[in-house]
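Trainee: So Swiss-Prot lists these for the protein:
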type: ACT_SITE; residues: Lys77; note: active site, charge relay system
type: ACT_SITE; residues: Ser152; note: active site, charge relay system
type: ACT_SITE; residues: Ser176; note: active site, acyl-ester intermediate
Amino acid sequence: MSFNNKTIEELHNLLVSKEISATELTQATIDDIKAREEAVNAFVTVAEEAALAQAKAIDEKGIDADNLLSGIPFAVKDNISTDGILTTAASKMLYNYEPIFDATAVANAKAKDMIVIGKTNMDEFAMGGSGETSYYGATKNAWDHSKVPGGSSSGSAAAVASGQVRLSLGSDTGGSIRQPAAFNGIVGLKPTYGTVSRFGLIAFGSSLDQIGTFSQTVKENAQLLNVIASEDAKDSTSAPVRIADFTSKIGQDIKGMKIALPKEYLGEGIDPEVKETILDAAKHFEKLGATVEEVSLPHSKYGVAVYYIIASSEASSNLQRFDGIRYGFRAEDAKNLDDIYVNTRSQGFGDEVKRRIMLGTFSLSSGYYDAYYKKAGQVRTLIIQDFEKVFADYDLILGPTAPSVAFDLDTLNHDPVAMYLADLLTIPVNLAGLPGISIPAGFAQGLPVGLQLIGPKYSEETIYQAAAAFEATTDYHKQQPVIFGGDN
């Protein structure tokens, strides 16, 4: 029996009333994963034994009636550490790495008796926008298996969209939650930088990385964020939790809310059908009582260039730890220490990871630092200031999540620049450390279109309020791909 069409609240009621047990729900989730996994390749590891053991322990002590997520399974992106469960970052470099600790976000979820069902596939070390750079093969889009699911949190999005799990965790460095959420027609939130601890997240770009949430609905997304958000002494960039309940404004109307629509977000490079869908969504927000006005974010056009200098520079530093000495893959054909380093990194990293390490090393090198890395930091400040000017007069910013719907597998992965430009609309949010959400807003060419809502720092409850108002008066989130059990 499958429970994948039940909401979290419905599952909670079934668990509390003992109509089902946590063990039965976990086994049903494992069955849902197995039934769909060959088609989507969303998981690197299904932690069947550990999950059932965790569920049994929860059943023995009893479901907590006051804890909505007690006994609920969830999936975790494979760059987020899980105690005793392989955490590979979808790389040959970490093919055998089992952490001996949980990331703080995972520990927080387990403390609320959530059950880790497995680790999801992803672009290697979170470097990619299509789910195709994984050592374990490409993840497929839940709606059309010939299309990409987006990246880098490809498996976390596809798993939720295909009905394998109800909730999952991902990470977002330049759009890696929001873009796959858009491509798969689900809800994905990147919180304000520092809201969720990065302790236990395998670092890519430390000033950009943020753990976030995937779900079927806006409310369930907020419910999961309630559990994982926390200040953490183990992460010096974590911030005090300023919002007691991220669901607090869900259900409130948005009359009088001021929403900005940047002209740059609907300009050159945006698919005409995507543009039309977003303009229709803007009109819908106006019908709900909000004011939508055009604004300008003039420096957003530099976001991709700034991001790939800063993120690659940080990656070149962060990935120095993978050297074949301490843990993970080690090349066998080494004759000396230099050979260990060179051969291990040459064989252990994929092409995209090597490309970004080289770009970052170049940007930080003597003679180029000022021209590239320092200049990128200066333009990043201008991008932040653009947002601050808009948020002085507006509550939220609205736009498409991605310039297009999901594209064909094995196309843009041969054109790095074109792939990078797919993150054009999400990258500025990371550069500014802002929260952003993608929600389903319609369809183009038979594939989901994502609507992005961006707010000032620590405005997640307002973002959820607006997103939930849109969701409650549309039915896009109710439409499901065939693999889930839908008619599409």
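Positions of Cβ are set from backbone N, Cα and C atoms, glycine also.
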Trainee: Do me a favour and check the Cα-Cα span between the residue listed as 'active site, acyl-ester intermediate' and Ser152 (active site, charge relay system); whole Å is fine.
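Mentor: So the Cα of Ser152 (active site, charge relay system) lies 5 Å away from that of the residue listed as 'active site, acyl-ester intermediate'.
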Trainee: Please work out the number of neighbouring Cβ atoms within 10 Å of the Cβ of Ser152 (active site, charge relay system), leaving out its own Cβ.
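Mentor: Ser152 (active site, charge relay system): 34 neighbouring Cβ atoms within 10 Å.
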Trainee: Helix, strand or coil for Ser152 (active site, charge relay system)? Use DSSP.
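Mentor: Its secondary structure by DSSP: coil.
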Trainee: Are there any residues at least 6 positions away along the chain from Lys77 (active site, charge relay system) with a Cβ closer than 8 Å to its Cβ? List them or say none.
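Mentor: Lys77 (active site, charge relay system) has long-range Cβ partners Lys119, Thr120, Met122, Ser153, Gly155, Ser156, Ser168, Leu169, Gly170, Ser171.
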Trainee: For Ser176 (active site, acyl-ester intermediate), list the number of other Cβ atoms lying within 10 Å of its Cβ atom.
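Mentor: Other Cβ atoms within 10 Å of Ser176 (active site, acyl-ester intermediate): 36.
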Trainee: If you run the three-state DSSP split on Lys77 (active site, charge relay system), which class comes out?
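Mentor: DSSP call for Lys77 (active site, charge relay system): strand.
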